[in-house]
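In what follows, a structure is listed as structure tokens, so that the remarks can point back to it.
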There are 2 protein chains.
Amino acid sequence: MNLNISETKIAFGGEQRKYTHYSEALQCDMTFSIYLPSTNEQQKIPLVWWLSGLTCTDDNFSQKSGFQRLADHHQVAVIIPDTSPRGENVADDAAYDLGQGAGFYVDATEKPWSEHYKMYTYITEELAEIATSLVPNFSGKESIMGHSMGGHGALVIGLKNAKRFKAISAFSPILNPIQTPWGKKAFSTYLGEDQESWKSWDASELIKKTNAPPIMISQGTKDGFYPEQLEESTFLKNAKEYNQSVEYIKHDGYDHSYFFISTFLDDHFAFHVKHLK
Amino acid sequence: MNLNISETKIAFGGEQRKYTHYSEALQCDMTFSIYLPSTNEQQKIPLVWWLSGLTCTDDNFSQKSGFQRLADHHQVAVIIPDTSPRGENVADDAAYDLGQGAGFYVDATEKPWSEHYKMYTYITEELAEIATSLVPNFSGKESIMGHSMGGHGALVIGLKNAKRFKAISAFSPILNPIQTPWGKKAFSTYLGEDQESWKSWDASELIKKTNAPPIMISQGTKDGFYPEQLEESTFLKNAKEYNQSVEYIKHDGYDHSYFFISTFLDDHFAFHVKHLK
């Protein structure tokens, strides 16, 4: 495993680390962050995944959410991947919602994107192997959360691997990308024009196809991308029809920012920890 | 009062606001942030000042510390000034530790700096009038905290106005700028070569000249600027000799970053709130 540690910061007693490595799945150098709580060497430590939104790197959640306080308190490790492959040789687009910083957590099938944009495989296989090896006294249990595009990623990855992830939660997620503008643009680019193929990357479709882990979703009412990009009705209708455990909470006055995430992160961590025990 | 609100974000129930205004003291347009906690309209709200370090704006503390959780919990307002005058017509320097982003919270006397660099007057008079007018049900009580250059600023402003500020605290402060490299560079530039004039902006000197409010200081042992820029011995010796109330705490393994600040901000808020009651 070709892994270089580039930064270690103590935060709330634990260690906020940054690593770089060459990704075989993505065929480029990648950076990720991981938080390892202080440990008494007896307690088993679960792993929570955080997937970030458009334009983010592994730094946004690490620096702006204050999650380390909760992760150390609850004694969980948190892995924060980057949001796409990176580098001069990696396909890109001038728009903020396509290309580098906007991988949408799919495995692309269309050229030139298919050469590097395999974020689903990267996260579920390659980075998973690395991350679980870094957690001291790993409990073997994982859960996943994310924001916006990363909320979509958390739901898609969690639902496609429903036995592996004990809980899924999301802030302001893209719940029905095959029907909303960001998703349509990304999926037609990465996956091509066969819209049938898009369904395997859409939470509102996937919720019909598995026995889902418990799901919690927080959405701010003053979010500038809501409801256009973040429409929830199809997801909630399908979840209800298939008898899934979904808690969808609207928060008055909150927007799409990290101020919203940091305010309700306590609730999300408590939800995950309950199911990771 | 020529005041424009440019942003309002809900965070932890309160409002994180950003304002712009023309400053008479600084002779340029300025931006500041203020957090107003949710209020029950009965409790009186005190005002805590936060002064940031080199290269920062009003955004760093607002976005990276997670302070809003504590400010709403304790029902205090928090005002975050920028760290210097700003703009194309304002004197600047290519170095990160001089000019825009590095005002050192003094009133400059040397040209060209004296035209705009009056951060002490700006904060203690002009911005104070604005900030206190924005706090609903203001209790009339103020305290001050800061980081690095802003820790120096908090101590200097707090000690020069010892009756006004009920508590002072600092993370990794420049405690003796007349003897350390950042301070010598800034003071010789802003205040000229008469080193006697520097003493009125040095916490280790000011601590000898007043009945100081209670002071708490946190310093990480792995701080890359410690002890060179942040040397504490003279300050602590003088504080002891003049029987001042100073708690100086070293934290093993922590560095100069916001990870350090966010970890111990609970303790600092508790300290301030105790003295603001």
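Heads up, the Cβ atoms here are built off N, Cα and C, so glycines get one too.
Nobody curates TrEMBL annotations by hand; they come from automatic prediction.
Sequence annotations record features per position, and here TrEMBL assigns active site, charge relay system to A:Ser148 (among others). Within 10 Å of the C-beta of A:Ser148 (active site, charge relay system) there are 25 other C-beta atoms, taking all protein chains into account.
Here TrEMBL flags A:Asp223 (among others) as active site, charge relay system. There are 21 other CB atoms within 10 A of the CB of A:Asp223 (active site, charge relay system), with all protein chains counted.
The active site, charge relay system feature in TrEMBL is assigned to A:His256 (among others). For A:His256 (active site, charge relay system), other Cβ atoms within 10 Å of its Cβ number 21.
Put simply, A:His256 (active site, charge relay system) is 5 Å from A:Asp223 (active site, charge relay system) when counted between their Cα atoms.
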